[in-house]
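**Student:** Please see the structure below; I have some questions.
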Amino acid sequence: MSSRPFESPPPYRPDEFKPNHYAPSNDVYGGDMHVRPMLSQPAYSFYPEDEILHFYKWTSPPGVIRILSMLVIVMCIAIFGCVASTLAWDRGYGTGLMGGSIGYPYGSGFGSYGTGYGYGFGYGYGYGGYTDPRAAKGFLLAMVAFCFIAALVIFVTSVIRSDISRTRRYYLTVIILSAFLGVMMFIATIVYIMGVNPTAQASGSLYSSQIYAMCNQFYASTATGLYMDQYLYHYCVVDPQEAIAIVLGFMVIVAFALIIFFAVKTRRKMDRYDKSNILWDKEHIYDEQPPNVEEWVKNVSAGTQDMPPPPSDYVERVDSPMAYSSNGKVNDKRLYPESSYKSTPVPEVVQELPATSPADDFRQPRYSSSGHLEPPSKRAPSKGRTGRPKRLEQDHYETDYTTGGESCDELEEDWIREYPPITSDQQRQLYKRNFDTGLQEYKSLQAELDEINKELSRLDKELDDYREESEEYMAAADEYNRLKQVKGSPDYKNKRNYCKQLKSKLSHIKKMVGDYDRQKT
């Protein structure tokens, strides 16, 4: 979709004018023609209604969070399997260390290198600032369990599309929980590295010399010929499954960091866009024909046929961001009351459409009872019928694409009569002054209209956060209804139409100036 529904008029850039030997000097233009370019930027040029966010897709930020949480679940299971497979070597199974060939002791904390070796060897490493391998593995398994539960909760709540997973508060909780688990998982992985690799923590330790002397035999390139105890071997050497667990631990940390990134991105989009712009479920375009169309054609006579819907109503339905979800309900709130589409139509032969063109002396085409389009006649537009309720503007923002093609052509003819093609530099300078004046008026008027739209969007988000019985909800609802009445007032509509008229005028002046500059060069 287009991200610029209410585009600003083309900017007038005096610096684009390239003077040559035919052009006059800068004195004709007041000496400031090339000093500072005049850029036209609308006050609120981006209209969020024109962009739809498909959050049900797996490539969207919530979808990426689901994928990452699923990967965390798989990696946690793999880490648990790798660490659990090495727990048997920490229980002291096996024979005495190196048999009885080496009988000298390595200190009371390590026990004796003889047949009397027992649990004192393992527990001795827990003292004197030394990390016990079993304690490191237990800490890592505990953090893996917490990460598994958290990732499972995130995945399940997002997959079942619960209401709580579609709020900004939910993603704030995901950010905080992921940050906490990521930090704790980083600490657990570092502790696990120190526990399964004793030489990594031996430097500066009380038992550094004994550990190096005991483990160097496993690092030597040639075998010593002695019988090695399997427990001591697995203690000194990092097993492949332990290395895999370390790598997966860091990958879990990276996954949590990415979850935080996409959760922040999701919250920003939810703050920026209206709820009606976000599709949490796969939409079904409501383009089916009315039910029992064939039966209706057979039974209804030509004289009593209902008139076809006016083009303005059709545009409102097509442009509306509302879509029906797969579970049969509307993705978001209803934009206008039920009475606006259940009112009893007043039968009449010819239906006049309300004028939406910026030109006040033109009217929209009308439809006869047979459904044929009658050519418009140039006369003052008549007021719309009071029996037919008129829908307010689409949600909070309007686009200017509902203007009829005939009125645009006729309005262009009016501007051509008022601003004919430029024939002299003095006339160009006059157009420049008119453009500057109109541009300032357009920006001021557009800023006033956009302020109402942004305030409505802000109140709409606040109403979703408040309880209906609270005083804050009632105050916000009153202000919301007041602004809706302001948008439905004739003064607002006149300003909006005049703003469109100014945009058309500025576009025409810009075109005339551009044509003249191209002819000069």
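Even glycines carry a Cβ here, placed using N, Cα and C.
I grabbed these lines from Swiss-Prot:
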DOMAIN    60-268  domain 'MARVEL'
DISULFID  CYS215-CYS236  disulfide bond
MOD_RES   SER301  phosphoserine
REGION    301-407  region 'Disordered'
MOD_RES   THR304  phosphothreonine
MOD_RES   SER312  phosphoserine
MOD_RES   SER320  phosphoserine
MOD_RES   SER339  phosphoserine
MOD_RES   TYR367  phosphotyrosine
MOD_RES   SER368  phosphoserine
MOD_RES   SER369  phosphoserine
COMPBIAS  390-399  compositional bias 'Basic and acidic residues'
MOD_RES   TYR401  phosphotyrosine
MOD_RES   THR402  phosphothreonine
MOD_RES   SER407  phosphoserine
COILED    424-488  coiled coil
MOD_RES   SER489  phosphoserine
**Student:** Note down the number of other Cβ atoms within 10 Å of the Cβ of CYS236 (disulfide bond), including every protein chain shown.
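**Tutor:** Looking across every protein chain shown, the total is 20.
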**Student:** Counting every protein chain present, what is the number of Cβ atoms, excluding its own, within 10 Å of the Cβ of SER489 (phosphoserine)?
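**Tutor:** Its Cβ shell of radius 10 Å holds 11 other Cβ atoms.
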**Student:** Between CYS236 (disulfide bond) and SER489 (phosphoserine), find the distance joining the two CA atoms and give it rounded to the nearest Å.
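**Tutor:** Taking the Cα atoms only, CYS236 (disulfide bond) lies 82 Å from SER489 (phosphoserine).
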**Student:** Do you know the mean pLDDT across the coiled coil (424-488)?
**Tutor:** 86
